[in-house]
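**Q** Okay, so TrEMBL annotates it like this:
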type: ACT_SITE; residues: Asp150; note: active site, proton donor/acceptor
type: BINDING; residues: Asn11, Glu386; note: Mg(2+) binding site
type: BINDING; residues: Lys18, His210, Leu211, Gly212, Asn213, Gly214, Asp284, Met285, Arg286, Gly332, Val333, Gly334, Glu335, Asn336; note: ATP binding site
type: BINDING; residues: Arg93; note: substrate binding site
type: SITE; residues: His182; note: site 'Transition state stabilizer'
type: SITE; residues: Arg243; note: site 'Transition state stabilizer'
Amino acid sequence: MSGGTRVLVLNAGSSSVKYQLIDMLDGARLASGLVERIGESTGRLAHTPHSGDKRELLEVFPDHSAALKAVAEELAADGLGLDSPELAAIGHRVVHGGKRFTAPTVITDEVLKEIRRLIPVAPLHNPANITGIEVARALRPDLPQVAVFDTAFHASMPEYSARYAIDKAVADEHRVRRYGFHGTSHQYVSRATARLLGKDPAEVNVIVLHLGNGASASAVSGGHCVDTSMGLTPLEGLVMGTRSGDIDAGVVFHLHRVGGLSIDEIDDLLNRRSGLRGLCGENDMREIMRRADEGDADARLAFDSYVHRLRKYIGGYYAVLGRVDAIAFTAGVGENAAPVRAAATAGLEELGIAVDPELNSVRSGEARIISPAYSRVAVAVVPTDEELEIARQAFALVHRETGGSED
Ligand code: ADP
């Protein structure tokens with residue numbers, strides 16, 4: 001191995017690529033950016049070097065290959081080109097790893113083939129991730145490329161958590177089971193929460209609430225996930241920005257048979273026109289809280305439904321874990337929306353859960369505890385950092401496989 005200490009993290013979506021170049025010596029971001037509207041008539045690349053001003057490039061990026069080449073040029077302009085010997089690996093976020101990939105994996109042709117085989121269970125995500133990998137491999141064929149899977153952290157779930165109670169043979173044939181998502185975030189946040197408590201992750205039980213536009217909860221016992229709210233796809237569980245979360249599967253039959261909606265229309269309804277947006281026409285929690293405060297009944301219903309579902313998962317995972325040391329709020333809503341945190345934990349003193357209103361109202365980018373000293377369960381706000389976790393896992397794997405960098 002070259003002895004490089006930098007990892008480029010790529011998160012390729014269907015029409016976007018997010019990236020960060022991280023130095024693993026100290027976790028410093030050397031550069032970060034986003035390419036949007038790939039394949040559309042007006043593309044945009046926003047690039048922020050560590051030392052220097054943000055640059056914006058407005059041009060057409062016909063495909064991911066063009067987008068990644070533009071990213072490589074921006075990095076090179078800052079002296080951080082992909083040809084740098086400092087670069088140790090490229091870490092790719094891959095959404096679905098199925099049952100096979102339960103840990104970060106060095107990408108080979110065979111691994112890529114297997115990720116492709118999982119497209120039927122992640123049709124929206126895996127194809128874009130694969131494109132990102134192919135383009136990056138073409139740019140630097142000699143460099144280790146590592147896939148870090150959103151599903152991997154959840155692979156430790158016991159079979160009774162992961163199985164749906166349907167015909168086992170049918171489920172197995174079609175690979176239907178709970179896989180869970182946001183795993184990199186749940187892993188990072190559960191560990192960071194243990195650190196915040198001054199404990200080893202192996203000693204603590206944590207309920208992690210990842211509340212972004214997509215949202216999921218997980219029950220983490222001694223550093224291992226034992227249950228999570230998302231399922232075969234990221235549709236199940238909490239009320240989200242535009243997804244319904246938990247719903248009676250019978251609703252699908254009803255909308256099809258009685259409502260005359262096609263399966264594609266129902267898919268669109270539940271994934272893109274439901275959740276907060278479905279209930280009040282808006283999926284940004286800031287705007288919903290503002291409208292609810294002004295007396296808007298739809299916004300109030302959306303907020304209350306969101307919180308109610310969260311409370312059900314907190315209660316459910318409390319029972320699953322038996323003893324809870326901490327509840328950690330993370331991602332856009334979890335890190336910023338104090339009213340959501342207050343409402344989700346209100347009246348749970350009997351469970352040993354309390355939030356200090358003053359601590360809760362502090363705005364900060366740091367991990368912090370917002371429960372009073374007497375609260376048996378620590379309630380924490382822990383900013384997530386999926387990119388750093390991907391970089392760490394990719395770097396650790398490459399280091400391990402090459403026997404260290406002492407060459
Ligand atoms: P994604 O799932 O897209 O990565 P994020 O974790 O960035 O999402 O979360 C985005 C969501 O966070 C926004 O849709 C918004 O609802 C919410 N959010 C961001 N900032 C605030 C804030 N200050 N107060 C309340 N909600 C916020």
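Each Cβ is built from the backbone N, Cα and C atoms, and glycine gets one as well.
Remember, TrEMBL labels are computer predictions, not curated facts.
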**Q** Quick one: of Asn11, Asn213, which of the binding-site residues has the smallest count of other CB atoms within 10 A?
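**A** Selected from the binding-site residues Asn11, Asn213 on minimum Cβ neighbours within 10 Å: Asn213.
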**Q** Rounded to a whole angstrom, what is the C-alpha distance between Asp150 (active site, proton donor/acceptor) and His182 (site 'Transition state stabilizer')?
**A** 5
**Q** Listed recorded positions are Asn11, Arg93, His182, Arg243, Glu386; which of them have CA atoms within 10 A of the CA of Asn213 (ATP binding site)?
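**A** Those close enough are Arg243.
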**Q** Determine, to the nearest whole angstrom, how far the Cα atom of Asn11 (Mg(2+) binding site) is from the Cα atom of Lys18 (ATP binding site).
**A** 5
**Q** Only counting partners 6 or more residues apart, tell me which same-chain residues put their Cβ under 8 Å from the Cβ of Asp284 (ATP binding site).
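**A** Spatial neighbours, sequence-distant, of Asp284 (ATP binding site): Gly241.
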**Q** So which recorded positions are near Glu386 (Mg(2+) binding site), with CA atoms within 10 Å, out of Arg93, His182, Arg286, Glu335?
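**A** So the list reads Arg93, His182.
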**Q** Using CB atoms and a 10 A radius, I'd like the single residue among the binding-site residues Lys18, Arg286 with the highest neighbour count.
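**A** Sorting the candidates by Cβ neighbours within 10 Å, the top entry is Lys18.
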**Q** What's the most sparsely packed of the recorded positions Arg93, His182, counting other C-beta atoms within 10 A?
**A** Arg93
**Q** Near ligand 1, which of the recorded positions His182, Asn213, Arg243, Glu335 have CB less than 6 Å from any of its atoms?
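**A** If the test is a Cβ under 6 Å from any atom of ligand 1, the answer is Asn213.
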**Q** Across all the protein chains here, work out how many other Cβ atoms are within 10 Å of the Cβ of Val333 (ATP binding site).
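**A** Counting Cβ neighbours of Val333 (ATP binding site) within 10 Å gives 26.
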**Q** How far is it from Val333 (ATP binding site) to Arg243 (site 'Transition state stabilizer'), counting Cα to Cα, in Å?
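**A** It is 15 Å, counting Cα to Cα.
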**Q** Tell me the Cβ contacts of Arg243 (site 'Transition state stabilizer') under 8 Å, same chain only and six or more apart in sequence, or just say none.
**A** Gly214, Pro234, Leu235, Leu270, Asn271, Arg272, Ser274, Gly275
**Q** Around Leu211 (ATP binding site), how many other CB atoms lie within 10 A of its CB?
**A** 27
